[in-house]
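Over in Swiss-Prot, the protein carries these features:
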ACT_SITE  CYS96  active site, nucleophile
ACT_SITE  HIS186  active site
ACT_SITE  GLU188  active site
BINDING   SER240, GLY241, GLY242, VAL243, ASP244, SER245, SER246  ATP binding site
DOMAIN    19-212  domain 'Glutamine amidotransferase type-1'
DOMAIN    213-411  domain 'GMPS ATP-PPase'
Amino acid sequence: MDTLFMTTVTATPAIKEDRILILDFGSQYSQLIARRVRDSGVFCEMFPYDIDTQRITDFGAKGIILSGGPESVHAENSPRINDAVFELGVPVLGICYGMQAMAERFGGKVHASDIHEFGAATINIDGKSTLTNGIEDAAAKLNVWMSHGDKVVDAPQGFDIVASTPSCPIAIMADDSRHYYGLQFHPEVTHTAQGQALLGRFVHEICDCAGSWTPDNIIDMRIEQLKKQIGDKQVLLGLSGGVDSSVVAALLHKAIGDQLTCVFVDTGLLRLHEGDQVMQIFAENMGVKVIRVDAEELFLTALAGESDPEAKRKIIGKTFIDVFANSAREISEQSDGKVIEFLAQGTIYPDVIESAKSHQGKAHVIKSHHNVGGLPDDLAFELVEPLRDLFKDEVRKLGITLGLPAKMINRHPFPGPGLGVRILGEVTKEFADILRSADAIFMEELEKSGWYEKTAQAFAVFQPIKSVGVVGDGRRYAWVIALRAVETVDFMTARFAHLPYDLIETVSNRIMNEIAEVSRVTYDVSSKPPATIEWE
């Protein structure tokens, strides 16, 4: 089997009967459209705009959304909408480029704009439409997020102009009779205040979709799928103690009971005291078998001398598989020869997207994830990945519904490769110990100040550069630590957390005073995009 590409999830009819097809024209916000549709309780999937006609027809969508994109409809070989989209007789919503492509398809005029609109804007509601009636921030106005160079200047026949801005004559167009709609702005981003309301109106009232994509229904669907996939076979789960693998453990335990064995691998790349904490949490809250494996020496030896981030991820992925294979053999020997055939992982949708191994297959490789692009081709197990098409906040909701403790569910994410991708360059035990101590100080101060709950993810990064410092009357030439904290809902986009200066100062002073090997602390003010959340 191909372990690197996502297969379409087959859901039970009750939860998947009403669904939306999203055709991706390359927008950086495309994944957010899927998030917002699912927030409305409606199942959706996203495919590249040029999938073949049969797949569009067979999908059975009750509505189609055309995403934005970086192209111009005037450019040679620019993306075009498949005619099948408009032959199905279902509602269609075009966003940004999707609106422009739809306008051109039906005979409207699209021009390059003299004034490009990027950022916040206020549009005037000039007309009426099923999509917009009763949805506004103030009297006949909407606060939205624009990101376009071209604009529709002449609406196609049958379309009414619903909204405009001083520089964009058609910000919303609508053909209520055929249920075709175009938005020049991005309803999927949080900066568009009524964006969720607009998308909810489209999927529920215009497409007539029920809100059946709920945590309870997702859990029922997944349990049914897991039972069907696994049968009476044995499953090994690589447990990290993070949200994703914990939810997978709960789902599998509910589906197959004692056919599941969890292996917690202490790689030497964990946070301070994390191994003991994970074992304690699972002993107190989960009735699953957990085996702890001390593999610090194995991982550090495998990583010795390697500084390339992609290579480190792949080494860590391969070493994990070696440890799991070893554990599987030992478990088999201790359980009357029962062979473990399945390996379960906490892979989630952003992992797949950033590894460019999703069903689209068109994204640039940003970074491999050890449980996606970092797995060996000759993997001896069949993969079980029940969260592979879910976003992080959906996973958290599943965890809460499954009854996992809030402390476990609300933990900040920790990457599978652990500190291996938070130590820039070569990984050594010395660097790992320094980073562990610095990270623990950062977490302690965040929790004391109440900022841990206000941030989605925070951590320290070891930088393999030295900086001159002064301690007393002496010179200190030591390492640099960077602090990173972000605010995000879905981890597809994020902004750096605006921590109070006095908090940053406290953390910085403690790290430099308590860790002799550190002489300087910096704070990362990069947002995603263009940066990723993790440094490597």
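Indices start at 1 and increase along the chain as displayed.
Every residue, even glycine, has its Cβ placed from backbone N, Cα and C.
Closest to CYS96 (active site, nucleophile) in space, going by CA atoms and restricting to the recorded positions GLU188, SER240, VAL243, ASP244, is GLU188. Apart from the site residues SER240, GLY241, GLY242, VAL243, ASP244, SER245, SER246, the chain places the Cβ of LEU239, VAL247, VAL248, GLY346, ARG411, PHE414 no farther than 8 Å from the centroid of the site's Cβ atoms, the recorded ATP location. In this structure, the recorded positions GLU188, ASP244 were compared by how many other Cβ atoms lie within 10 Å of their Cβ, and the smallest count belongs to ASP244. Distance noted between the C-alpha atoms of HIS186 (active site) and ASP244 (ATP binding site) is 29 Å. Within 10 Å of the Cβ of SER240 (ATP binding site) there are 23 other Cβ atoms, across all protein chains. Ranking the binding-site residues SER245, SER246 by C-beta neighbours within 10 Å puts SER246 at the top.
A separation of roughly 25 Å, to the nearest angstrom, links the Cα atoms of VAL243 (ATP binding site) and GLU188 (active site). Note: the CA-CA distance between SER240 (ATP binding site) and GLU188 (active site) rounds to 32 Å.
Between GLY241 (ATP binding site) and GLU188 (active site), the C-alpha separation comes to 32 Å. Around the Cβ of GLY241 (ATP binding site), a 10 Å sphere holds 22 further Cβ atoms from the protein chains shown.
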